[in-house]
Amino acid sequence: MRYAQRGYLLLLNGMALLAAIMLVWLMVAVVLSVVIRNLGLQPSAWFFLSTEYAMFYLTLLGAPWLVRQKGHVHIELLTSVLPPAALNILSRGVSLLCVVVCGVLAWKGLDLVLLNIERTDYDVRAFFVPKWILTIVFPISFSLMAIEFGRFVVGHEILHSGEAGIKE
Amino acid sequence: MEWYFALAFLLSLILIFMAIGTPIALAFLAANVIGAWHFMGGQTGILQMLNNGFGALSSFNLVPIPLFLLMGELFFRTGLGMKMFNAIDQLMGKVPGRLSYVTVVGGTAFSTLSGSSMGSTALMGSLLVPEMERRGYKKKMAIGPILGTGGLAIIIPPSALAVLLATLAKVDIGALLIAGILPGLTLAGFYIATIFIQTKLDPQAAPNYELEPVPLSAKLKLIVTDILPMLSVMVIIVTLMLIGFATPSEAAAFGALGVIILAFIFRCMTWEAFNLSVTGALKVTLMAYLIVFGSATFSQLLGFSGASGGLIGWATSFDLSPILMLLAMFAVLLVLGTFMEQISIMMLTVPIFFPLAQALGFDLVWFGIVVLLALEISFSTPPLGLLLFVMKGVAPAGTTMREIYSAAIPYILCSMLLVAVLIVFPSLATWLPSMLQ
Amino acid sequence: DQINAVHAFPPSLIYTQSFLEFVDKVNERGEGVVQINVRGGPEVIGLSEQPDAVRNGVVDMAYTAASFYAGTVPERDAMVASNTNAIYARENGGIDLLNEIHQEKMGTYYLGWFDSGVSYNFYTIDGPSVDGEGNLNVSGLRLRSNPVYDAFFQDYLGAQPISLPTTDVYAALERGVVNATGWTQIGLKDLNWDRFLNYRVDPAFFSTDMGVIVNLDKWNQLSEESQQILQEVAIEHERDSAEQLAELAKEQQAQLEADGMQVITLEGEAAQRFSDAARDATWERMRGQMERHPMGLEHYDTLIEKFNDL
Ligand code: NA
Ligand code: NA
């Protein structure tokens, strides 16, 4: 059990690290392709394409980690005025809603990946990229998000602080 | 389903989810799952929604924002930012609220090089809000001007959104871009007046600490060592754009690189600062882009269900005087802008609004500026304006949405005032293009 | 019968207007039998997601470029590289064959190839030079990338086109980040690019590949009368749109020339080499992509024959 837990954390943080590397890659790729172009040479179209894909990958790869960090903003209209007991119930209910939504998206995301493989779909841009290589992050990311929201349903801690603002 | 039922159904879903404290991105996703299931034919609707989200995120248009965030974070975490603010503080002496003015001037300058409201807000917000709070400014004095000038990015050229609007509406692109300059500067002027009034009404809003008079030679030294280097990064980026070395979207990457180089030169680049900067930029990017993922699909659902089209058709179906028609169109843009993403709104409204504007005898370039202003305002209108969430992401811990909302309102009123001024003096928008052509 | 439809581009584009004309014709002739409800354009479903939406039945019909689903139906390159138009390909059965392929590979019915025969040209800011043999000289050309012609440009000229988001192209041309782009013979002025582009290179190459796809299950559920009306009107519109746009292309090119656009015409063998290169690169791409599918190269030669007047 301890190993499973540690492996899970490694996956969660590893995905966030990958997202961070992709963010830095955005800068590197744009600078390189502009400089190469201005030297009169031909930058590969992969530079451009990789930035577009990186936007998609990094958003989904980092999203579960951000749930754990409580970094997804919400409006504290109701949560800041409720007494602690009511807040406890509401907050766990909201987290459960998030689990359901992420669960549905993970399940349908998996369907989408299988469909992409079955149909051998390609994403058609400067290159033809097999679609499943991209959509595969849907089931992974939304599953992990469901687990992370799940921790706020049953865990010791709840999602909402009851105070206005994010506590860091 | 009638359009008004569809509209009420989708909007109440999103509003209820948000009101109970669902994270904004998840509120959109939840509304999308239900909406897609209902309007797009069950399970396949959700596959479609995931496909749409992929399409919305994997777009180069989104690349500048993380890069501007990275630039702002690096500037702040390496201590370069603090040096510059110290210097400005000392140079400006006793002017109350001086850093707020600096925000407007800096934000306006930055808007001229960025075409992205989100990028501009993210950069200025991560750069200035923590620093100004540390110096004893009330939050509204930092957050308000930044939200205001963030919106200027799409009015003052270069602006990708203005180019797209002109293309869709078949208006002269050059004229529309140039037409934005004077209204943009006027708006910046209104912002400065707002700060002046705020510091008069509430002297506690900005710190009023005494500073030792600084001798001229020391002032010159401050300018050269603390202000010029960062200024030169800005100048270099603008130059790179003007000479065609890089496009406006690409310039952001050079901004981030420029700050890294600067930090190495001033020996304040540490591994820790780099690490914190990337983490900070990543957090806000993730937060904002998961919202983009959700809201782009939500916009499409509003379109697909016929809700937004119905609203547009209904609002323009009355036989009103030109001025009332203008206000009706303006109101529709504001309503849609609260829930939808800007490019979708333009594609929906332009085919109906521009022919109508022409029939009403409006100057189309002038009308284009009014449309851009409406989009800009809706981008920072409570409760759902995306800029407000970006600000929440970059503002210091403990900043509430309510503080952000109330900081935004005076600056939204400024934009409204500008619209009124444009109605009374259309030449504010039309004069410059007519001079140059 | 009710049919929900989307179109790939905003209504300001001439191609969308042509589709809306088709919709009007169907709705007029099909009154009481079949009606097309246009749900909207890319603001309703993103343009690259529209083909999948039809395939999955989220909408029944889409007016879109076959290039957007080239991974599924690589045979679309037969249209891209065509030196004729839909009138020709309809008469000799080329479009019927393409329809069969669409049904088998994609589960969609290919109703018609609209706005065909409109070709592309290269447009440049600075006067392009030609070498001793009359070939186009690429040194100094910075070409905007476009999936439709990238293969041609890479093969023929050995150059890597520059990728830019569409919204950046105006600024990029203004500042010279790119100084050349391909575009169809129609619509350059609508984008205002004519302000910066001063030269057109002839001959023109390729054809647009806009067309209407219908979800196959939906198509099979339609009454025979509805099917007949749709197909009839589509075939008429194939002809009408090809003829109208050919006329419009002439008008717009003349207008650009009157406004000062200069024309650089490649002559004789060099022109032939240019045109051949455009076609060969595209056929090569089609062959490569077709080989990756179970159907393989079965229809390769037939398609080339039926879509070209050789
Ligand atoms: Na701008
Ligand atoms: Na504003």
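Every residue, even glycine, has its Cβ placed from backbone N, Cα and C.
Residues annotated as domain 'TRAP C4-dicarboxylate transport system permease DctM subunit' in TrEMBL: B:13-427. For the domain 'TRAP C4-dicarboxylate transport system permease DctM subunit' (B:13-427), the model gives a mean pLDDT of 86.
If one looks beyond the transmembrane segment (B:53-76) by at least 6 residues along the same chain, the residues whose Cβ comes under 8 Å of a Cβ in the stretch are 82, 114-116, 118-120, 122-127, 130-131, 160, 230, 248-249, 251-253, 255-256, 258-260, 263, 273-274, 276-278, 280-282, 284-285, 288-289, 292-294, 296-297, 341, 394. Summarising the annotation, TrEMBL assigns transmembrane segment to B:53-76 (among others).
Feature annotation from TrEMBL assigns transmembrane segment to B:142-167 (among others).
Residues or ranges marked as transmembrane segment in TrEMBL: B:173-197 (among others).
The annotation transmembrane segment is assigned in TrEMBL to B:227-246 (among others). Within its own chain, the transmembrane segment (B:227-246) has Cβ neighbours under 8 Å at 75, 80, 84, 87-88, 91, 109-110, 112-113, 158, 253-255, 258-259, 262, 265-266, counting only residues six or more beyond its boundaries.
According to TrEMBL, the transmembrane segment annotation covers B:252-274 (among others).
The transmembrane segment annotation in TrEMBL covers B:286-305 (among others).
The transmembrane segment annotation in TrEMBL covers B:311-336 (among others).
Per TrEMBL, the feature transmembrane segment maps to B:366-390 (among others).
Listed by sequence, the residues of this chain that lie at least six past the ends of the transmembrane segment (B:411-432) yet keep a Cβ under 8 A from its Cβ atoms are 144-145, 147-148, 151, 178-183, 186-187, 190-191, 194, 323, 326, 330, 363, 365-366, 369-370, 373-374, 376-377, 380-381. Here TrEMBL flags B:411-432 (among others) as transmembrane segment.
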When counting C-beta pairs under 8 angstroms to the transmembrane segment (B:286-305), the leading stretch of B:142-167, B:173-197, B:366-390 is B:366-390
May I ask for the residues of the chain that lie six or more residues beyond the transmembrane segment (B:366-390) and have a Cβ under 8 Å from a Cβ within it? 14, 18, 24, 117-118, 121-122, 125, 147-148, 150-152, 154-155, 159, 161-162, 165-166, 169, 171, 176, 179-180, 183, 284, 287-288, 291-292, 295, 326, 330, 333-334, 336-339, 342, 345-346, 349, 353-354, 357, 401, 404-405, 408-409, 411-412, 415-416, 418-419, 422, 426, 429-430
